[in-house]
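Single-structure report; data block below.
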Amino acid sequence: MNIFVEFFLVMLKVCWAIVMAGFKWLIRPKEKSVAGQVCVITGAGGGLGRLFAKEFARRRATLVLWDINSHSNEETAEMVRQIYREQDNPMSKEGAVGGVEEVPPFQPQVYTYVLDVGKRESVYSTAEKVRREVGEVDLLINNAGVVSGHHLLECPDELIERTMVVNCHAHFWTTKAFLPKMLEMNHGHIVTVASSLGLFSTAGVEDYCASKFGAIGFHESLSHEIQASEKDGIKMTLVCPYLVDTGMFRGCRIRKEIEPFLPPLRPEFCVKQAMRAILTDQPMICTPRIVYMVNFMKSILPFEAIVCMYRFLGADKCMYPFLAQRKEAMNNNEAKNGI
């Protein structure tokens, strides 16, 4: 085919893709069912991971919860079991038929596994255990994350490595563990819970930003690889929220006059937006929508212009109060241990 004709056809496809994206933004697509599907969630013991578990439980997925903390993981599992019990009660919800929701003929279950996702041997062995005890995995939610809370020159090398391993490298291990069967079946969904700090950065959290940039790069490259393999049954969703009020960045502050218009996100809102994206096979979701604009402006504006905007918003040193709190907390712990 003549290259000019092919270029013209490509431009038509690009325009059509833009039109369809706008159409989906205006008219909410129908959500797919995940009932009965096996869903692995890393970092399920609290924060967003726990909320993801509850949302998937309400949709009657079989949950496989991974966390390094056994007690927190079991707490999440009990919340999931309570949701299952409420759904099994025919009087708990009103439905369309006779005022009662019909209960599906299968009984979803929840399984818990304690492991460190930063240790690839542990990830691979636990994944094999999941396949034996639960079955093949349909959905993988790479959610586990940590933050060191130190300025670069004050951060121990071990904490930098830990941040990179958990926030980025673990995605490689979990994906390598579960993707082969997804490719074989041409069915599956991989979700990367990243951060807006993986799209644009700020001072004081170099290790965290690098880990999230890495996770996003991995996700995007993997998405292209799956597209190149023509496995259209495997979906990918990238979740990039603004700062979420889970306590991970407690103390982070932008300019006080701006903060009412851009407060930390409620975790419940963040997860509901992410669930909507996952269940409609949306490739990427940024919350709030202004994150899309900030990322676009970062791509086209000179660095000096970005610095001016950061200083106006108070985003250049927004992490400093958080870092100071973490340092004070560590000093207090060291003082207590020295008594």
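Every residue, even glycine, has its Cβ placed from backbone N, Cα and C.
According to Swiss-Prot, the feature transmembrane segment maps to 3-23, an assignment based on sequence analysis. Residues or ranges marked as NADP(+) binding site in Swiss-Prot (evidence: similarity to another entry): 40-64. The substrate binding site annotation in Swiss-Prot covers Ser195 and is backed by similarity to another entry. Annotation comment: Swiss-Prot describes Tyr208 as active site, proton acceptor, evidence class sequence analysis.
Annotated features, which come from Swiss-Prot, shown on the structure.
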{"residue": "Val40", "record": "NADP(+) binding site", "Cβ neighbours (10 Å)": "26"}
{"residue": "Ala44", "record": "NADP(+) binding site", "Cβ neighbours (10 Å)": "31"}
{"residue": "Leu48", "record": "NADP(+) binding site", "Cβ neighbours (10 Å)": "25"}
{"residue": "Phe52", "record": "NADP(+) binding site", "Cβ neighbours (10 Å)": "28"}
{"residue": "Phe56", "record": "NADP(+) binding site", "Cβ neighbours (10 Å)": "26"}
{"residue": "Arg60", "record": "NADP(+) binding site", "Cβ neighbours (10 Å)": "21"}
{"residue": "Val64", "record": "NADP(+) binding site", "Cβ neighbours (10 Å)": "28"}
{"residue": "Ser195", "record": "substrate binding site", "Cβ neighbours (10 Å)": "26"}
{"residue": "Tyr208", "record": "active site, proton acceptor", "Cβ neighbours (10 Å)": "26"}
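According to DSSP, the residue listed as 'active site, proton acceptor' sits within a helical segment. Counting only the Cα atoms, the space from Phe56 (NADP(+) binding site) to the residue listed as 'substrate binding site' is about 21 angstrom. Reported as a whole number, the C-alpha separation between Leu48 (NADP(+) binding site) and Tyr208 (active site, proton acceptor) equals 17 Å. The CA atom of Ser195 (substrate binding site) is located 10 Å away from the CA atom of Tyr208 (active site, proton acceptor). A separation of roughly 24 Å, to the nearest angstrom, links the Cα atoms of Val40 (NADP(+) binding site) and Tyr208 (active site, proton acceptor).
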